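Feature annotations, reproduced from TrEMBL:
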- 7-26: transmembrane segment (TRANSMEM)
- 32-51: transmembrane segment (TRANSMEM)
- 63-83: transmembrane segment (TRANSMEM)
- 115-134: transmembrane segment (TRANSMEM)
- 146-171: transmembrane segment (TRANSMEM)
- 334-465: domain 'ABC-type uncharacterised transport system' (DOMAIN)
- 623-642: transmembrane segment (TRANSMEM)
């Protein structure tokens, strides 16, 4: 076996030659990552050889030995799915499975479980080989050989169980960006979770996506998917609850939930007694509010509860969504007050011109409610609560009463942050508020020919561009190319109210844009600039940011001339031009919350993106690796063969 290990090392050494070449020619080469992958390949090769030695000890026929080796390797790939319905058995069989072991190394992660796995499996087959050879030479009784084999297998099972315990796992991420590890923001949140934590996955047999969480294989998949978090909080308990519930039960002619569940149990070959009924599972969690879909619930030792949504549909424990939910347990999160009472856009529902999709849709990962914000509706007939961090007014259509103006004025004077979304069709009402408190005015409707996209957009749809200042303040729109505005007004400063006003989004300068005062039908009518009727053509600001110092806090206000840019309709309409309106929202709330939310999950980019070798030397080395290295190996082989033949 040691001779074969040396042979495996020589095979790996050939790959190492390429690593050395890359090390000297690629700037900031990820040598630790690559060497980790080579280690995985080397250990896998040694494991194959140990299996081959064991099978060779069973027969003297080489063909049978070769076929038997492939069969054993196939079984090692399949064993991870055996006995998954039994608690202890699934721990052992899943650990014995070889599938995915090397991919951990190739991904740049060293895990103690994998480092123990390969030497243990190698030792297992070598011990079985030794026992087999002793049994043949000493003609031992079958029972004695069986006892020895069982003892070795039992020892391996013990090692498997102990080494897979979260408390005993150790990790080393060899990538420069630590892409296999939670970001520092997430680590900070997890470290603040004092006491016990239980994460329960609720799986509904009648869920359309049940196949992604099917019993029993999802139980171990859930454990693997949670490793990023259990690595930093190993005492976390993971549970999976299977139940059956039909939210539409009771509709005439529809089978009962139990009838549907019993039929599916036969299809999936599941013991129906393990399933909880709707009444039983409702006592454990309020799953009715989640539509009886797949969901996880995190419960702290002190009784705090938070839902963990799966936006992937594959049962993964996403870092972003999970960290946000856990943060709500340990930190106070910003609260947004959405103003109602004057026919504003609603933050609920899927009506085209409301904003439920990006604000309160619990099944949309980018919605503010899933980014960690608390949202509630407020009115201006009473003082705004002190715990409101951001006040949001979206397309106010009727005038405020003097009392309501007083409430809004007190909120602005105390330094509260504000988002005001206007519309050109209601500018007369909205300008009274903007002019009085912020010194701003909304212009009439903006229009202009679509020069950049050659007529793809109608004249009332503008592809506006984020300014450099906006990209500096809001990383989310740093790479955004354009913001789509349909029926948009410009935002102009008409009086200095003590704020610093900065443009965040401006109209495109590729073609002219003006305040359209005549045309209302932008599909069939011809739109032309007519200064004779008072139309003005220039570069307009469509989104502006206002700041000023109030005490020890910087007050931040954002005003847009378009409320449709964040409406539900904006994210279902097809114009043939891509836009990044959702990035504008996340950038806005990040700025408003002083960088607290959404959580910054970005990692530094890879730095090994340039080479320090000329094309001439590249061609030389290419020829050397393509022809020179094979010829060298062939020559060494022939030399050894002739030397041995001469002896």
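Every residue, even glycine, has its Cβ placed from backbone N, Cα and C.
Note: TrEMBL annotation is automatic and uncurated.
Same-chain neighbours of the transmembrane segment (7-26): 34-35, 38, 41-42, 45-46, 49, 608, 610-613, 621, 625, 629, 633, counting only residues six or more beyond its ends whose CB sits under 8 Å from a CB of the stretch. With a cut-off of 8 Å between Cβ atoms, the residues of this chain six or more beyond the transmembrane segment (32-51) that come close are 1, 4-5, 8-9, 11-12, 15-16, 19, 22, 69, 72-73, 76, 98, 101-102, 104-106, 108-110, 114, 118-119, 121-122, 125-126, 174-176. DSSP labels the residues of the domain 'ABC-type uncharacterised transport system' (334-465) in these numbers: 33 helix, 33 strand, 66 coil.
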